[in-house]
């Protein structure tokens, strides 16, 4: 699963053609292209493809196509301004090359955003030109021979070095690294701001100047004078003088939901409209600034902690919304502690962002769902980089000990197993990617090969034409799942009960097929890897039903006072 500071600033902006970043750890493998070069190449090919296809769809010049793309982008985050800066810098050469029938691969190699290092294979997304690659590239370089652009591109210049963008880039980078809200006046890890790790990720603060006021805490003096736990229930019933919090919530077993996850749990999503020329319009990019400041994640629509109405038209709700429906006293008590690229190995770097006080707060349901990155990487040989069962045991035990020292007594922890990711190749490899649908010139197999060649694939092991490698990856995933299962069966902790649940994606596929759907419709169309919103909500439904059947004590009681809470407090202040 992606760990993309570079993709965050390049692909989503569509303009990250020369960005350098430090979000991903340095790699000791010198044979691997630098992450900066790999992601920059992907960003360039994506942008040039969109420009070329916009010209085709609208029967316009390349110049008009570039201007059209910029006109679609919002002013927020200087997206439109940055787009015009890029056109000014690179536009004339892109026009010359596309006018000479060079494809996006050739354009990006000519402008040196893609580079073939000595001894390395040629990485290309589209079919190779009919003439030899060497001849085509020489021809393209002659076309732009006198251009000052190549000097600029070689300099490694960073879009974030532009004064207008420096602060924005820094904000996003800080939020990603620390996994706590950037805007948090009282430093209680809760915010009144939605993105940059704000209330899209954890319940909205209702008093950002008082660190003792935050979602999930036990009420202070039954919230007679203020709403100390932000669930929208406070004050005193004038009829009998009993505090509403005491009347409606005492003994109802309130609890929160906390997800420790990766990009799947955070709901990584790149909208197909952003790269599909035939669907592109002024409305396509309205939500791009929000997505950028959420690291291309959509936790507000995720299966675990989503609180907004689904955008995909199915009736299933997130686990958090089901907990709220069961007991309205649980309002706003959710935390999505997920990061792109997270695994059992690096969870310790951001688990401190979890907010729970053993004494002051209600118990929590914690879902540990590191479902991919312990077997996934972009390395040319991904098998040695996979987490071993022994190392997973050590990592998870360290996490559980941390949870035991922070969670209130009566909490519950569920360890999620890993999926069998062979369904990705099986269901997508021969289908056209959104970028390839217009001209029927690019399948998911080509996308996977391109990303693997650049060593920026989110999961080389499963996104590979090599069946043996796909099988090995699934075998290791099964071994790790069995390790989690053994931990749940044998380990005991004082402050929480421990459970294990299979990541039963095959059951989700079967359920979707019963409704007339196809398996490929459950996968994110742009990256061809992550479960999409439909899949995440179906997984939440599967989780809820299994827990209800096997471990109903995890969910707490149904609150008989829910109707009265709604009558007195309406939507409880919303989310």
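A Cβ is built for glycine as well, from the same backbone N, Cα and C atoms used for every other residue.
In the three-state DSSP scheme, residue 263 (active site) falls into the helix class. Residues annotated as active site in Swiss-Prot: 263.
As annotated by Swiss-Prot, Ca(2+) 3 binding site applies to 223, 227, 229, 231, 233, 245. With a cut-off of 8 Å between CB atoms and residues at least 6 apart in sequence, the same chain places 206, 207, 213, 233, 234, 573 near residue 227 (Ca(2+) 3 binding site), listed in sequence order. In the three-state DSSP scheme, residue 227 (Ca(2+) 3 binding site) is classed as coil.
The annotation N-linked glycosylation site is assigned in Swiss-Prot to 59 (among others). The Cβ of residue 59 (N-linked glycosylation site) lies under 8 Å from the Cβ of no residue that is in the same chain and 6 or more residues away along the sequence.
Feature annotation from Swiss-Prot assigns N-linked glycosylation site to 207 (among others). In the three-state DSSP reading, residue 207 (N-linked glycosylation site) counts as coil.
Long-range Cβ proximity for residue 409 (N-linked glycosylation site), meaning a same-chain Cβ under 8 A and a gap of 6 or more residues, is found for 358, 363, 494, 495. Positions annotated as N-linked glycosylation site by Swiss-Prot, on the basis of experimental evidence: 409 (among others).
Taken from Swiss-Prot, the feature N-linked glycosylation site covers 466 (among others), and the record attributes it to experimental evidence. Annotation note: residue 466 (N-linked glycosylation site) sits in a coil segment as assigned by DSSP. For residue 466 (N-linked glycosylation site), no same-chain residue 6+ apart in sequence has a C-beta under 8 angstroms from its C-beta.
Among the features that Swiss-Prot reports, signal peptide is placed at 1-23.
Sequence annotations record features per position, and here Swiss-Prot assigns site 'Interacts with lipopolysaccharide' to 345. Residue density at residue 345 (site 'Interacts with lipopolysaccharide'): 15 other Cβ atoms are found within 10 A of its Cβ, drawing on all protein chains shown.
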Taking all protein chains shown into account, the Cβ-based neighbour count within 10 Å for residue 245 (Ca(2+) 3 binding site) is 24
Rounded Cα distance, in Å, between residue 263 (active site) and residue 345 (site 'Interacts with lipopolysaccharide') is 15
One should report the C-alpha separation between residue 223 (Ca(2+) 3 binding site) and residue 345 (site 'Interacts with lipopolysaccharide'), rounded to whole angstrom, as 41
Rounded Cα distance, in Å, between residue 231 (Ca(2+) 3 binding site) and residue 345 (site 'Interacts with lipopolysaccharide') is 35
Here the Cα-Cα span from residue 345 (site 'Interacts with lipopolysaccharide') to residue 229 (Ca(2+) 3 binding site), rounded to a whole number of angstrom, reaches 33
